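Residues or ranges marked as ATP binding site in TrEMBL: Gly84, Gln85, Thr86, Gly87, Ser88, Gly89, Lys90, Thr91. Residues or ranges marked as domain 'Kinesin motor' by TrEMBL: 5-341.
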Amino acid sequence: MEEIPVKVAVRIRPLLCKEVLHNHQVCVRVIPNTQQIIIGRDRIFTFDFVFGKSSTQDEVYNTCIKPLVLSLIEGYNVTVFAYGQTGSGKTYTIGGGHVASVVEGQKGIIPRAIQEIFQNISENPSTDFKIKVSYIEVYKEDLRDLLELETSVKDLHIREDEKGNTVIVGAKECQVESADEVMSLLEMGNAARRTSTTQMNEHSSRSHAIFTISICQAEKNTEAAKDGSWSSRQHIVSKFHFVDLAGSERVTKTGNTGERFKESIQINSGLLALGNVISALGDPRRKSSHIPYRDAKITRLLKDSLGGTAKTVMITCVSPSSFNFDESLNSLKYANRARNIRNKPTLNFSPESDRMDEMEFEIKLLREALQSQQASNSQTSQIHREGTPDNRILSLEEQVAQLQGECLGYQHCIEEAFTLLVELKDTVSLNQKQQQKLQEWFNMTQEVRKVIPSSFRGSCGMGNLEEGPQHIRVNQLKRELKKCQVHRHCFYKITCLRTKFIWGH
Ligand code: ADP
Ligand code: MG
């Protein structure tokens, strides 16, 4: 698997009007015709991309983000995150502000990427696309669902799936059909974000926000596509995370007291954890393999993107003002360290075996949900919590129905192969080993044949009712999975045997 470094861009915003009015001096500049930045008199840093005060949104997008959109469509997970001090231009660059009121040229990364993703889809008529959007913020170390504000903090969990990818269990994923729909969800989520006025920034983001677009794609013109079903086709699922971090801030400069002060502490500790992860990953002399991802929610959420399987671009935003010299120097040092981080991007094909894994993972989650319900049940005797597990059961039921359909197909193949092999057995001379293998296959097929009728009797009436409906579903789903796996194994064996007969050894 090829290793590629995290790409690091630095963007220096222009002095703001109020900074000009207060006669702030510029202390950070791009060195013309290079990828270098100079801060103070002689500190020089080199980055993958550098943008000065007159760089446009279009330039930033085309240079850093366009390639990520193409990788997303190819099937890679991709991430862009904006890092930097409060008021340095992160939200402006990512495009997470009041998107509807922003003029075309000022639009940030997210609206441009959305446009391009849908453009790509419309130019790809031979592929079916399913697009989902979610929007989460980490506020004072708690997760909030910006698309479903009623969701309780306790119902959102960061987990790792069976492949080690980070997933947020319980977050609302809205299926969308058009760029406009995505934009209105983005606008809705932005409006719900925690921001407030500090001395450093009129609209200071007080949380880390992660806007995610996930794309599932499958070829249209295949045999399996004819019945319109998604799960019987090989598909690719890839995600684009847009991360707008809350800015690092000095409490003395922001003038924060009370609640704002407490927020500052949480924001800074999250960013400190991120800094530690970047240092640990980016230190070429590092001896220990331990990376402190678990120290904060934001580092857990960015695990795939930093040192993981995604393609990542980090955009470090800096203020040019000498008033912010220390913070800008700090940001540049972090950015420089991040250049040493290496990821191993992988394509996210989702063949049948992966779907089995996904179902097993779902079952694991269901079991855990059930256990925690049973625990709370013993105290409150309230069994049925909000519908999330039920929804999962419904989607699992759909998948099981699809797998049953596939099994019927395999069953048909087994029957055909059985007849064919009986004929061949009498006409082709086989050595002892081949005869033994064939007999084994006959025996195995007989076993499977005994099982098949019962597997299609439907899923009612089994299990111990006292265990509760979810428990019964979990057991039924496990049984269905097992049978599907047996049938698939059998089909695989037939294919091997057929190949051997055809090639005569
Ligand atoms: P952050 O999210 O890092 O706290 P913002 O994105 O909110 O900072 O930017 C602070 C202010 O600076 C905003 O008024 C924004 O419009 C302005 N700004 C940031 N970057 C630029 C830029 N490249 N060009 C013009 N104005 C900018
Ligand atoms: Mg911001």
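Along the chain as shown, the residues are counted starting at 1.
Here the Cβ of each residue, glycine as well, is placed from N, Cα and C on the backbone.
Bear in mind that TrEMBL entries carry predicted annotations, made automatically and left uncurated.
Projection of TrEMBL feature records onto the structure.
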{"residue": "Gly84", "record": "ATP binding site", "CB count, 10 Å": "29"}
{"residue": "Gln85", "record": "ATP binding site", "CB count, 10 Å": "25"}
{"residue": "Thr86", "record": "ATP binding site", "CB count, 10 Å": "24"}
{"residue": "Gly87", "record": "ATP binding site", "CB count, 10 Å": "27"}
{"residue": "Ser88", "record": "ATP binding site", "CB count, 10 Å": "28"}
{"residue": "Gly89", "record": "ATP binding site", "CB count, 10 Å": "23"}
{"residue": "Lys90", "record": "ATP binding site", "CB count, 10 Å": "28"}
{"residue": "Thr91", "record": "ATP binding site", "CB count, 10 Å": "25"}
In DSSP terms, helix, strand or coil for Thr91 (ATP binding site)?
helix
Binding-site residues Gln85, Thr86, Gly87, Ser88, Gly89, Thr91: those with Cβ under 6 Å from an atom of ligand 2 are Thr91
Do you know the mean pLDDT across the domain 'Kinesin motor' (5-341)?
87
